[in-house]
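If you look up TrEMBL, you'll see 23-42 marked as DNA-binding region. Look at TrEMBL and you will find 118, 122, 123, 124, 189 tagged as biotin binding site. Summarising the annotation, TrEMBL assigns domain 'BPL/LPL catalytic' to 71-262.
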Ligand code: BTN
């Protein structure tokens, strides 16, 4: 069975928005026989697509499976480049690993790697990332911006703003960002972002933006270690959320903000990041590998470095730390 034709057929039926499309029309459009159309339809039905055959009218798609396969994401995607190539793997160690490998083979800007499950999902500071099957969005996006290496951390902040906008749009929730890149809803973490880099003497070859978004977990789905500090969008809204809509929306906003960044610089995006930040203006404790500092988080620099003023009046630049905030 030709997977690409099956996926394109699914895409065609999705774009018909519930209107019937005749077998003959599909056969003509795809240059295949009607029997072959029927076989592809059967294949889709087995994958969980609800397709009915209406007499004399054609095939009607009424529901699609809750999966992150390209055929479920791409039809309604509103981007020019991001997500136009999707590498889908049902189960993998980490989408970051796959994305790094793909980036080295020269795949294009905007390629996204998506998995239903990660068996060794990784977080910041070498932590593990819970990535239960079918419950969240485990995605790594390969970007190839033409910017100097030292500006790469800004993309973590831009990605955080894109994810927040997507969550707002799809669920109506109002998330906060905790520096540098934790997205919280009602004080608990629902998304983490891990940005990694491939670079050489010529500059950035690829940015790998890893996004782990807890969509439809229940409390029991989280390991004991994180149960008290993690949440999912389903737990916060009381409703199952569409991972497909979220992926499309994240890709859309990330593309928009990348364009703004390239044209206008970081300024307006920094303001957006600050407007969602719960860290700025608060008394915080920053735990770093060698020391812990307490003080007021005054802001971030253009490079995304947190400015922390300690009681002795000194201003410290924090590059990487775990942040605890006073309530
Ligand atoms: C964090 O520690 O807050 C960052 C978590 C990032 C998790 C995502 S899930 C998709 C991608 N693959 C990984 O192994 N990690 C990132």
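Cβ coordinates are placed from backbone N, Cα and C, and glycine is handled just like the others.
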| query | How many neighbouring Cβ atoms, not counting its own, are there within 10 Å of the Cβ of residue 118 (biotin binding site)? | reply | 26
| query | When DSSP states are folded down to helix, strand and coil, where does residue 123 (biotin binding site) land? | reply | coil
| field | Other CB atoms within 10 A, centred on residue 122 (biotin binding site) | value | 20
| Around residue 189 (biotin binding site), how many other C-beta atoms are within 10 angstroms of its C-beta? | 17
| field | Helix, strand and coil counts within the DNA-binding region (23-42) (DSSP) | value | 17 helix, 0 strand, 3 coil
| For the binding-site residues 122, 123, 124, 189, which residues place their CB under 6 A from an atom of ligand 1? | 122, 123, 124
| field | residue 118 (biotin binding site) - helix vs strand vs coil (DSSP) | value | strand
| remark: Record-annotated biotin contacts 118, 122, 123, 124, 189; largest Cα to Cα distance in whole Å is 18
